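Right, one structure below, let's go through it.
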Amino acid sequence: MALVPCQVLHAAILLSYCSILCNYKAIDMPAHQTYGGSWKFLTFIDLVIQAVFFGICVLTDLSSLLTRGNDSQEQERQLKKLISLRDWMMAVLAFPVGVFVVTMFWSIYIYDRELVYPKLLDNFIPAWLNHGMHTTVLPFVLIEMRTTHHQYPSRSCGLAAVCTFAVGYILWVCWIHHVTGVWVYPLLEHLSPGIKIIFFAAVTVVINVFYLVGEVLNNYIWDTQKCVEEGKEKPKLE
């Protein structure tokens, strides 16, 4: 895809996330007033991650345009740093966390919505906002992966970073329960201590699997694209 369409795409997605975040924060929900506020929900954290990521994409696009035709080595170095940060965020946070939020939310929602998104929330959160938080994240990251090549870190470093995020969030959820006596998600109220440990371990494994899926998908898309482009460049035999 050409640079300008990608720029428009990144800017549009960034604006959509800013709109979703502003509308979500404007909702006067009791949960927002308790310990941890919105930051205790992985959905909100993911929205911030996605907004920051696409913000970096926009900055990278702008920097790329500004450095085009410019021989400044310093600007080239800064652009490479931005690209490296963009690629790292896509690999370690935007893709695995985004896909995890969508798949986990809708899987539990279909089984029993009261375990993750009680019907009471319909009085506060409109349907379009719910889908903005729990549905559109997936097509957005897939579109980004299809339109922009991302250089993944080494597998060991990538998995270590994903594990750090997952364990950090689990500890945050446990700390909130320690302080308030209430679990962030109703589902956890129904699990025994032993099952909670298994559940948390399974969640960590799943988010690592999504990291690997992103790595494989990225390589497949761009290796295939490279083969197609090389095939077009070959001269036809007479």
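Every residue gets a Cβ built from N, Cα and C, even glycine.
The shown structure was predicted, so the numbers you read here are calculated from the model rather than taken from an experiment.
The transmembrane segment feature in TrEMBL is assigned to 42-67 (among others).
As annotated by TrEMBL, transmembrane segment applies to 88-111 (among others).
Sequence-distant contacts of the transmembrane segment (123-145) (same chain, six or more residues past either end, CB-CB distance under 8 Å): 9-10, 13, 16, 19-20, 23-24, 27-29, 43, 46-47, 50, 54, 57, 90, 94-95, 98-99, 101-102, 105-106, 117, 214, 217-218, 221. The feature transmembrane segment is assigned by TrEMBL to 123-145 (among others).
If you look up TrEMBL, you'll see 157-185 (among others) marked as transmembrane segment.
Residues annotated as transmembrane segment in TrEMBL: 197-217 (among others).
Residues 42-43, 45-46, 49-50, 52-53, 56, 117, 134-135, 137-138, 140-141, 144-145, 150, 152-153, 158, 161-162, 165, 187, 203, 206-208, 210-211, 213-215, 218 of the same chain lie 6 or more positions beyond the ends of the transmembrane segment (88-111) yet place their CB under 8 Å from a CB of it.
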